[in-house]
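S.K.: First the structure, which I've put down as structure tokens, then a few questions once you've had a look.
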Amino acid sequence: MKSETTDTERVWNGVLQAMKLTASEAAYTTYLKPTILLSVREREGSRLICEVGCPSSFIKSTLEQRYWGQLAEELERVTGQKCEVIIRIESRRTREQESESSLPLFNQKTSIKSDGWKRANLRGDFTFDNYAVAGSNQLAFAAAQAVARKPGEAYNPLFIYGGVGVGKTHLMQAIGHEVIQEGKGTVLFCSGEDFTNDLVEAIRYKSTEKVRAKYRKVKLLLIDDVQFIAGKQQVQEEFFHTFNALQREGGQVVMTSDRPPSEISKLEERLKSRFGAGLIADVGPAGFELRTAILLIKSKQLGIPMEMETAQIIAGQIEGVRELQGFLSKMITDIELNPGSVNHERLERLLKIPNTGGNGAKRIVTPSEVISVIGDYYGVAVQQLKGERRTKTIAWPRQVAMYFLRNELKLPFEEVGRLIGGRDHTTIIHGSDKVKVEIETNDNFRNEVGEIKKRILGG
């Protein structure tokens with residue numbers, strides 16, 4: 001390298017300035033701007049190993065597929081030496097917490113805290129700050145925070161269960177990040193399969209003591225998908241003793257599974273008993289509000305400005321959290337190919353909204369549009385629809401709005417209640433059902449509803 005005083009910030013700024021000239025604005029903002037140069041170290045033959053950090057697996061994949069060669073070229077231009085680029089997930093926020101600010105090649109000081117999460121096998125972005133909370137995960141979130149504050153004391157063990165993609169692993173790893181950041185001890189994250197494979201290898205090579213030390217000499221052991229060990233007698237035996245050894249030394253155990261301990265087939269009774277001795281918390285499917293919050297958090301991480309109403313439209317169309325993340329990836333790629341804002345036309349195309357208008361036109365309808373059109377149709381102000389007055393001239397249009405929001409836009413009862421002045425779900429069910437009966441029995445009203453639909457779809 002040309003100068004030993006060169007630091008990461010100057011080197012990387014030089015690289016980014018060059019990349020900015022060739023990449024589109026959307027691509028630069030989404031993929032390149034959030035990156036940082038983590039370290040540079042020498043390799044034989046005057047080659048440099050340059051580690052680049054990015055905030056998500058999607059950005060990592062895109063950088064490796066589209067920009068890896070160009071990044072290597074620009075690093076070579078700035079440093080004056082051949083460079084090999086390694087890309088890994090590490091957020092800017094995490095990096096800012098590190099005490100080391102210059103290139104490790106010239107400054108050998110290290111931070112135990114900053115490296116701890118890497119040695120623990122944690123993802124850089126799985127923190128409490130990035131975790132959206134709602135009713136379906138509130139208990140698990142509160143328990144996780146309590147464990148992070150007092151590992152080995154509160155809820156030991158903590159057993160978190162739920163379906164695929166509901167955030168169990170994120171929550172578990174967030175505990176690990178907090179424990180490391182507060183300097184409360186060593187953390188190790190692994191899956192039930194990793195534990196099994198380690199034990200099999202240890203038996204094969206007669207190194208069981210080494211494996212026992214790995215899992216037992218930590219303050220916090222995080223086991224993901226612990227149900228994997230069920231039915232494996234020797235693995236369960238070893239895990240039982242590991243569990244006991246950790247607890248004797250004041251260690252904390254946190255586990256995740258797709259079902260509660262009592263429902264894990266072929267899991268030994270003594271392990272079921274141990275797993276249930278602390279707190280068992282379930283994480284349910286993400287409701288509309290939680291999906292909306294997740295979209296807002298994830299889009300901010302990815303550098304895509306997203307309005308609340310946009311997030312609500314997407315959340316109303318996609319139910320699975322992993323599917324939401326997949327849609328965001330798809331949207332980022334689309335923005336790169338077709339620069340511009342996240343407008344209704346883009347959402348219609350990406351979400352593949354079916355034809356809803358009589359003329360075959362495609363249109364996304366927002367809740368505010370529905371309420372406004374119904375208010376105009378009946379001559380009632382929007383504020384009156386959301387207000388407390390129950391006169392027939394206001395109450396009936398209000399119930400029609402409930403019906404449209406629930407049955408046409410498919411919004412959850414709780415969200416409809418929030419949009420119509422904070423009413424509870426029983427009121428929404430009653431109002432919506434009342435309108436549905438009227439549609440089925442009253443031809444004139446059925447025509448009214450058809451006219452309202454035309455006005456809504458006509459924009």
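Heads up, the Cβ atoms here are built off N, Cα and C, so glycines get one too.
No curator has checked TrEMBL annotations; they are predicted automatically.
Just lifted these from TrEMBL, have a look:
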BINDING   G165, G167, K168, T169  ATP binding site
DOMAIN    154-285  domain 'AAA+ ATPase'
DOMAIN    366-435  domain 'Chromosomal replication initiator DnaA C-terminal'
REGION    1-99  region 'Domain I, interacts with DnaA modulators'
REGION    336-459  region 'Domain IV, binds dsDNA'
S.K.: Count the other Cβ atoms sitting within 10 Å of the Cβ of G167 (ATP binding site), across every protein chain shown.
M.R.: 24
S.K.: Looking at the region 'Domain IV, binds dsDNA' (336-459) alone, can you tell me the average pLDDT?
M.R.: 83
S.K.: Give me the DSSP three-state residue breakdown of the domain 'Chromosomal replication initiator DnaA C-terminal' (366-435), ordered helix, strand, coil.
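M.R.: Residue counts in helix, strand and coil order: 52 helix, 0 strand, 18 coil.
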S.K.: So for T169 (ATP binding site), how many other CB atoms are inside 10 Å of its CB?
M.R.: 18
S.K.: Around the recorded ATP site, report the further residues of that chain (criterion: Cβ within 8 Å of the mean position of the Cβ atoms of G165, G167, K168, T169; site residues excluded), sequence-ordered.
M.R.: G162, V164, V166, H170, L171, T256, V283, V321
S.K.: When a 10 Å sphere is centred on the Cβ of G165 (ATP binding site), how many other Cβ atoms does it contain?
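M.R.: Other Cβ atoms within 10 Å of G165 (ATP binding site): 15.
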S.K.: Far apart in sequence but close in space: which same-chain residues, 6 or more away, have a Cβ under 8 Å from K168 (ATP binding site)?
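M.R.: Within the chain, K168 (ATP binding site) has Cβ neighbours under 8 Å at A140, I160, Y161, G162, D224, T256, V283.
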S.K.: Which secondary structure state does DSSP assign to K168 (ATP binding site), in the simple three-class scheme?
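M.R.: In three-state terms, K168 (ATP binding site) counts as helix.
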